[in-house]
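Read through the structure below, which is laid out as structure tokens, and then see the notes.
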Amino acid sequence: MGWIPCSGNSGTKKKIVKMEVQDSVAPQIKPTPGKLKRNSSTNSKDKSKNGSAQHIAAQTFSFRELASATRNFKAECLLGEGGFGRVYKGHMESINQVVAIKQLDRNGLQGNREFLVEVLMLSLLHHPNLVNLLGYCADGDQRLLVYEFMSLGSLEDHLHDISLGKKRLDWNTRMKIAAGAAKGLEYLHDKANPPVIYRDLKCSNILLGEEYHPKLSDFGLAKLGPVGENTHVSTRVMGTYGYCAPEYAMTGQLTLKSDVYSFGVVLLEIITGRKAIDYSKSAAEQNLVAWARPLFKDRKKFSQMADPTLQGQYPSRGLYQALAVAAMCVQEQANMRPVIADVVTALSYLASQRYNHNTQTVQNSHRTPRTPPRTRRGQ
């Protein structure tokens, strides 16, 4: 695999270069007419002489530009860090835009393959609930990704370890975030061709923009889903403990329903305010799904599952319906889980039911069915 370094000084005009992607790394995603919008800078498939290589075009930035944007990656510009590396806030003068710059750790968990996959995915896939990739840098052994800046951080920042004085998420905002995240996942599953399995859905990968608009981020672990008669793709187990579907963790067999399970865990976090895995709790409560399963069987205990920071300010019927959706998503048997399109329908309905905590009433903000549809169980 060849890398095109983005050399030159910050005054150099932006270059649109082709990155060669071997089929074994990430096959070409084909646009579906009326469904999948291509990046205007993305070239059509261009095969090499042996027919095994494909190309995508992506905007490049020089390392010098990104260092300047972050004041040489100063600590005060640091937004967060993890196994993949660090994320900085910066200002790109050339495009006059505040951005988030992910600098991959050269010895970290996200390697060249994951970097390439992320550039490929976000160059081809566009949706209001997917984060926008503005460009990248592959300069020497430096690997950096440049995204739009999401002003409110991640969903995790607003659910867990909240600092004193920070605004808590109310019920309406939680349902809005859940519905939006589900729509992003629906786009990957149902609109991309072939479908894309996200594989790393968790609260820290759901970023929030103005008015708590959610977008899925971090596509380095994404996989193209099964096509034709295939029911799954086999791969080494990756992802985050607590979010991985049991069949994927045990066998490495990955399906669209694996993502649905992960989404169910996220939805439970949104409703309960608990972490997927929390070792500060007693053994029986450390795993969120294991703690919730016995409670799913008794509707009288549903109120015990609501996030205490909501202080009882939520619609009882809405809570029951949201928990019912979460319970179906985290079923142990993959074929018993709903398809993400039905999850979107149910959560869009709940998001449209605006709860007024002052009057403790619910108002319908859109024309929707009087009751949410039943979630069909399908592959």
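Every residue, even glycine, has its Cβ placed from backbone N, Cα and C.
Taken from TrEMBL as is:
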type: BINDING; residues: Lys102; note: ATP binding site
type: COMPBIAS; residues: 357-366; note: compositional bias 'Polar residues'
type: COMPBIAS; residues: 367-379; note: compositional bias 'Basic residues'
type: DOMAIN; residues: 73-350; note: domain 'Protein kinase'
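Per DSSP, the compositional bias 'Polar residues' (357-366) is made up of 0 helix, 4 strand, 6 coil.
Looking at the domain 'Protein kinase' (73-350) alone, the prediction's average pLDDT is 89.
In three-state terms derived from DSSP, Lys102 (ATP binding site) belongs to an extended strand segment.
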